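**Q** Not my notes, these are from Swiss-Prot:
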BINDING   34, 35, 36, 37, 38, 83, 84, 117, 140, 175, 283, 307  NAD(+) binding site
ACT_SITE  119  active site, N6-AMP-lysine intermediate
BINDING   401, 404, 419, 425  Zn(2+) binding site
DOMAIN    594-677  domain 'BRCT'
């Protein structure tokens, strides 16, 4: 390749990389896999190695991430947020070690301590504390400037808002992520994220922080900017002491074989971890050596990321079917010829949405590249159009719901398309009924998935109203329930008793039970406390058809939630279902408090078994009293409530000087000052 050709190819690669950086970092919507992106970068680096004179005019090679999104305020990083160079094989790691020793004037026979950490597949962020209080949080952005996400980050559970004994100024950096199980539930609840990383990034970069607050975001911190610690190992321990979440899977070793075994261990067992990782990060452990090694404009010389290879394979799309979730989102699914990917037989893959099918032009009969994204959810990443038969036609996305025929709706600036049939749509019904009887809704004990499926298949429960006429239907039918396997007189009696007991329900739980898109437990509670009675709430929901802006006066209710409520209450099927449902129910008014409890605004944690109620009931009572209930202790915990046989949290609370309450004392704290109307 001549230099002129190399320059043209370099410009082309830079343009492609810049485009995909924007999609990944700013839009949270990557269109190629990590492996494909790495190939582009590798090609660019090969050209620069062969033609170093082109490097001086190749400004884009120094970029990190992408330009901050204009919808967020810009934040200048005091210390540039660098990305890491990648290694793709064992030889790259060996070269990294050799090069590091050479730069440190070490003999190659000398050992060097390396910190080995998991590479979390999430969103990099920085948090600055001033005099122990959160002052600012930001994304990486382009490395020089990030996006101000302070209010969004404050909603992340277990992130300290206040740090005791902190220096006047402290900057920590880490990775925001979401567990795979929470990601799956998020998509079941009406979202359509491609993978957990996109879900985490999209959740953090919401203009409406109430949406961020509803997402179960987590984080790990991995560094302190300008740390006074002597080693990376010491830095991680210091972060723990300050109350931050730090990943437990780390080792420090002088042996390269141990470092590579660490990689192999997690590559082979990463599906056993609850969150996505996409490699291992190796860092020189000694901080002084890190300073000596320094950094290029893009990445530190003292660290490298050893990426996991993508698990991909090619197979045939036999059919494209449409799956309808609980909240009505239509998700296209590729029905595949069985293929082994990473030891797992894959027969179906997500196509995400209509836009994704159109962009990739995926057709029934195509040969496609399938990747197990995050080792869990297979997705189609590309089409081999060289193998496409001429007679294959474009896939036509349905214009009405394939299940119930209701209208489809697509919100502005959203890729998800969903059915407006809600409580009428057959494909949504079973999932909605499961949600309806769940613990935070009607809490009908003994109504598990198997029982629901049985009654559904028998035609006895085809909508949520049928639950409350089930006993009458069975008594008037030829079905002898007690004679069937798994049913006895006691279990039947308990089920019908649970159904009858659930007929009195709080307004908050009733609203949540309806399973309206974007109306989770938190929003249901806000709506209930605002309208107080069912009659008032229902009347105001009907107003949405004429005027949806009035709901904006309710703090923490955003445009997406309002529009979702409007779509629900303008569908006559849903109104008919609600009106039939309330005939069987007593919906109690929301409770108001005229005095604050002693726990109002406090963070509490429970340990041990409670004598008077379940942990779930205790959590509900505490939250009603204004407390925040956490599952883990930190310096930000105000009280530990101790039941019988307390666990290790009891000793930890003592060491952190956290106030300890007995169950009886806790009951006094939430009761005496609370006056319920």
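Glycine residues also receive a Cβ, built from the backbone N, Cα and C atoms like all the rest.
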**Q** For the recorded Zn(2+) site formed by 401, 404, 419, 425, which further same-chain residues have Cβ atoms within 8 Å of the site's Cβ center?
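**A** Those within range, site residues removed, are 324, 328, 400, 402, 403, 405, 406, 420, 421, 422, 424, 426, 427, 428.
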**Q** Just to verify a number: CA distance, residue 401 (Zn(2+) binding site) to residue 140 (NAD(+) binding site), in angstrom, no decimals.
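**A** A Cα-Cα distance of 41 Å.
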**Q** Taking Cα atoms as reference points, rank the recorded positions 119, 404, 419, 425 by distance from residue 283 (NAD(+) binding site) and give the first.
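**A** So, of the listed recorded positions, the one sitting closest to residue 283 (NAD(+) binding site) is 119.
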**Q** Where residue 425 (Zn(2+) binding site) and residue 119 (active site, N6-AMP-lysine intermediate) are concerned, what is their Cα separation in Å, rounded?
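**A** Just about 42 Å between their Cα atoms.
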**Q** Under 8 Å Cβ to Cβ from residue 119 (active site, N6-AMP-lysine intermediate), same chain, six or more residues apart: give me those in sequence order, or none if nothing qualifies.
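**A** Expected: 277, 278, 279, 280, 281, 305, 307.
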**Q** So, three-state DSSP: helix, strand or coil for residue 401 (Zn(2+) binding site)?
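**A** In the DSSP reduction, residue 401 (Zn(2+) binding site) maps to coil.
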**Q** Taking DSSP states H, G and I as helix and E and B as strand, how many residues of the domain 'BRCT' (594-677) are helix, strand and coil?
**A** 25 helix, 19 strand, 40 coil
**Q** By Cβ count within 10 Å, point out the most packed of the binding-site residues listed: 401, 404.
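**A** The largest 10 Å Cβ neighbour count belongs to 401.
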**Q** For a quick check of packing: other C-beta atoms within 10 Å of the C-beta of residue 419 (Zn(2+) binding site), how many?
**A** 28
**Q** Do me a favour and check the Cα-Cα span between residue 419 (Zn(2+) binding site) and residue 140 (NAD(+) binding site); whole Å is fine.
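**A** Distance between the two Cα atoms comes out at 37 Å.
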**Q** Here are some binding-site residues: 84, 425. Which one has the most Cβ atoms within 10 Å of its Cβ?
**A** 425
**Q** For the domain 'BRCT' (594-677), what's the mean pLDDT in this predicted model?
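**A** Averaged over the domain 'BRCT' (594-677), per-residue pLDDT gives 80.
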**Q** Taking the Cβ of residue 38 (NAD(+) binding site) as the centre, how many other Cβ atoms fall within a 10 Å radius?
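**A** For residue 38 (NAD(+) binding site), the 10 Å Cβ neighbour count is 15.
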**Q** In whole Å, how far does the CA atom of residue 84 (NAD(+) binding site) lie from that of residue 404 (Zn(2+) binding site)?
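**A** Residue 84 (NAD(+) binding site) and residue 404 (Zn(2+) binding site) have their Cα atoms 50 Å apart.
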